[in-house]
Amino acid sequence: MEGIYNQAFSSEENGQEVNNNNFNQDVEKDVTKPSYQEREKWGKDIEFLFSCIALSVGLGNIWRFPFVALANGGGAFVIPYIIVLVLVGRPVYFLEMMLGQFSNKNSVTVYNCVPAFRGVGVGQVFATSVVLTYYSSIMAITLRYLFDSFRSELPWSVCRPEWENCIPANIEISENTTWSSDARSSAELYFLKVVIQARDNILDGIGWPVWNLVGFLALSWFVVFLVLIKGVKSAGKASYVLAIFPYTILLILLIRSLTLPGAFKGIEYFFTPQWEKIIQPSVWYAAVTQVFFSLNIFFGSIVMYASYNRFDNKLYRDVNIVTSLDTFTSLLAGCTIFGIIGHLAHELGVEDVSTVIAPGPGLAFISYPLAISRFTLFPNGFSAIFFIMLYVLGVGTSVAMTSVITTIIKDHCPKIKIWQAVLIVAVVGTIVGSVYLTPGGQSVLELVDFYGSTLIAFILANAQLVGFCYIYGVNRLLNDVNFMLGYYPNFFWKICWRFITPILMTAIAIYFFIFFEIPTDGNYEFPAVAHAIGWCLTAIGLIPFPIFAFYRIYFRKENTWWEKIKSAFRPTESWGPRDPVLLKKYKESL
């Protein structure tokens, strides 16, 4: 496909412009008019680095990674995860960061390098918006648990009189203790009956929001608003806390975890591979999706953050630091969490560590509180610092996702002040996020997560790789890096962009669609109308891709359809550095 790119620029060799029609000339007006204004920049390079750390090192590492590993063979999962991180995560991270810094464009207009693919960027913004709406609801529940941690007794550690077949989380287990098969822990019942006031399944309706959670939701959005009130200037200052503070708490929890009886039994399980699972495609699919969540690639956030960089910022250094730190944090979190699980297995007299805690959407609010409530030393304090860590991680990721949306609003409506754009997103986010805080909200979250984010992001990820690596072309990407930084990337990046990363993603996509399974609501099937709404969400995220492609092709001024198609895949005339002086030099370098 790189032939398309070569044909697209052959007109320049004949003394013609890359693109002469009015359609492309007004895509980026700021570089063709005297009113050009330089894009806002990070206060310091380290603020960009810390912001990327706060974005990429989040709940995907602390919460999701340990239990994805648990469900996929323990140590056997770590091996595919690291391989996928190196061959997919790092190349895509570098690719997105490079294009954002090179063009100083947001996650939609960056597709000006392949105009027909601009709908991919629109779909990714939709997926990001969907994730942001339910991510903020998780932050609201986290605040509720943080508030409860300061009570004299952890409320989820004891059973209430009205709860039947309840097992207190802080009870001493003896060999003679027996429970009925339908008994549930006080931590689970507290989450379901008190915090979210859950209904049995979505067939009972979703109900009205739990209003105290809506209050915590509004407070969470207010915190995001304060962080972004001055754009990247204020976000950069907040990045020091958002990136460093969680590590402080994680180290405290790790030290405490390692001192608990039975902790090393859990850590041993974490690093002991079940080799029969390493060849299963499902484990590799889990590794790919975990890299998505862990590094936050294919959602537009990396492109957006990098668009505020200096043109010559040494991004290769930042890519290595963030991706290496991401792996280290996942392993560190694995040791911490599996240490706690090992201790819980020791306390309960259970030999199989994998059966102690079951993963699920309420994992952070059932299993972790249950384990912490069994700490004999200062359980309230450890509960508080655990939920503070979760909340700070949530803020770091939410700030980046919100910035993706506000950057696009600001770029297309320059007269809007940044705080106004953030306020609009915060108000809409509070209204939509309250849906997940209803008694049926967790079921809605399951549907929305699958249809509105994961499915869209996975399909568009493959489209992104096709657009950037094959149509725009790897050679052009390498030349752009050389123009920006003064050197060509080494052979590793070239071979990954051209072959390894797209092939791996294609193989995983084939597996995904062959073994495609629709989500279920626990032991219940979602009604047909719920799946219909879910597919509508998927369609909203995917339809912009063909619509924008058709629009770009149909309205070209060339005479034949073949010429129209070739023209729609050429970079726009404004594609290149945002600075007009650099853009002119770039055009000359072609």
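Placed from the backbone N, Cα and C atoms, the Cβ positions cover glycine too.
Residues or ranges marked as transmembrane segment in TrEMBL: 46-63 (among others).
Residues annotated as Na(+) binding site in TrEMBL: VAL57, ASN61, SER294, LEU393. Taking the Cβ of ASN61 (Na(+) binding site) as reference, residues of its chain lying under 8 Å away and at least six apart in sequence are, in sequence order, SER294, ASP326, THR329, SER330, ALA333.
Sequence annotations record features per position, and here TrEMBL assigns transmembrane segment to 69-88 (among others).
If you look at the transmembrane segment (125-147), the same-chain residues 6 or more away from its ends with a CB under 8 A from one of its CBs are 59, 107-108, 195-196, 212-214, 216-217, 219-221, 224, 299-301, 364-365, 369, 383-384, 387-388, 390-391, 394-395, 397-398, 401-402, 404-405, 408, 429-430, 432-437, 441, 445, 448-449, 452-453, 456-457, 460, 537, 540-541, 544. What TrEMBL records for 125-147 (among others) is transmembrane segment.
Per TrEMBL, transmembrane segment is recorded for 210-229 (among others).
Among the features that TrEMBL reports, transmembrane segment is placed at 241-264 (among others). The list of residues near the transmembrane segment (241-264) in space but at least 6 beyond its ends in sequence, with Cβ under 8 angstroms from a Cβ of it, reads 50-51, 53-54, 57, 62, 227, 329, 332-333, 335-337, 339-340, 342-347, 375, 382, 385-386, 388-389, 392-393, 395-396, 399.
Look at TrEMBL and you will find 284-307 (among others) tagged as transmembrane segment. Sequence-distant contacts of the transmembrane segment (284-307) (same chain, six or more residues past either end, CB-CB distance under 8 Å): 39, 48, 51-52, 55-56, 58, 60-61, 64-65, 68, 71-72, 77, 80-81, 83-85, 88-89, 92-93, 96-101, 103-108, 110, 121, 124-125, 127-128, 131, 315, 322-323, 326, 330, 397, 400-401, 403-404, 407, 454, 457-458, 460-461, 464, 504-505, 508, 511-512.
Residues or ranges marked as transmembrane segment in TrEMBL: 319-341 (among others). Residues of the same chain lying 6 or more positions beyond the ends of the transmembrane segment (319-341) and with a Cβ under 8 Å from any Cβ of it are 49, 52-53, 56-57, 61-62, 65-67, 69-70, 78, 81-82, 85, 89-90, 93-94, 97, 247, 250, 253-254, 257-258, 260, 263-264, 266-267, 269-270, 294-295, 353, 356-357, 368, 371-372.
Feature annotation from TrEMBL assigns transmembrane segment to 384-406 (among others).
Residues 132-134, 136-137, 140-141, 196, 206-210, 213-214, 217-218, 221-222, 224-225, 228-231, 402, 405-406, 409-410, 444-445, 448 of the same chain sit 6 or more residues outside the transmembrane segment (418-438) yet have a Cβ under 8 Å from a Cβ within it. The transmembrane segment annotation in TrEMBL covers 418-438 (among others).
Annotated transmembrane segment per TrEMBL: 450-474 (among others), in sequence order.
Residues annotated as transmembrane segment in TrEMBL: 495-516 (among others). Counting only same-chain residues 6+ beyond the ends of the transmembrane segment (495-516), those with a CB under 8 A from a CB of the stretch are 84, 87-88, 90-92, 95, 281-282, 284-285, 288, 458-459, 461-462, 465-466, 468-470, 474, 477.
Per TrEMBL, the feature transmembrane segment maps to 528-551 (among others).
Counting same-chain residues at least six beyond the ends of the transmembrane segment (528-551), those with a Cβ under 8 angstroms from any Cβ of the stretch are 116-120, 122-123, 126-127, 130, 202, 447-448, 450-452, 455-456, 459-460, 463, 518, 568. Long-range contacts of the transmembrane segment (69-88) within its own chain (CB-CB distance under 8 A, at least 6 residues past either end) are made by residues 269-278, 282-284, 286-288, 290-291, 294-295, 323, 326-327, 330-331, 334, 338, 354, 357, 359, 496, 500-501, 504-505. Sequence-distant neighbours of VAL57 (Na(+) binding site) (same chain, 6+ residues apart, CB-CB distance under 8 A): ALA243, PRO246, VAL322, LEU325, ASP326, THR329, LEU393, GLY396. Neighbouring residues of the recorded Na(+) site, listed in sequence order and excluding VAL57, ASN61, SER294, LEU393, comprise SER56, GLY58, LEU59, GLY60, ILE62, PHE65, ASP326, THR329, SER330, ALA333 (Cβ within 8 Å of the Cβ centroid).
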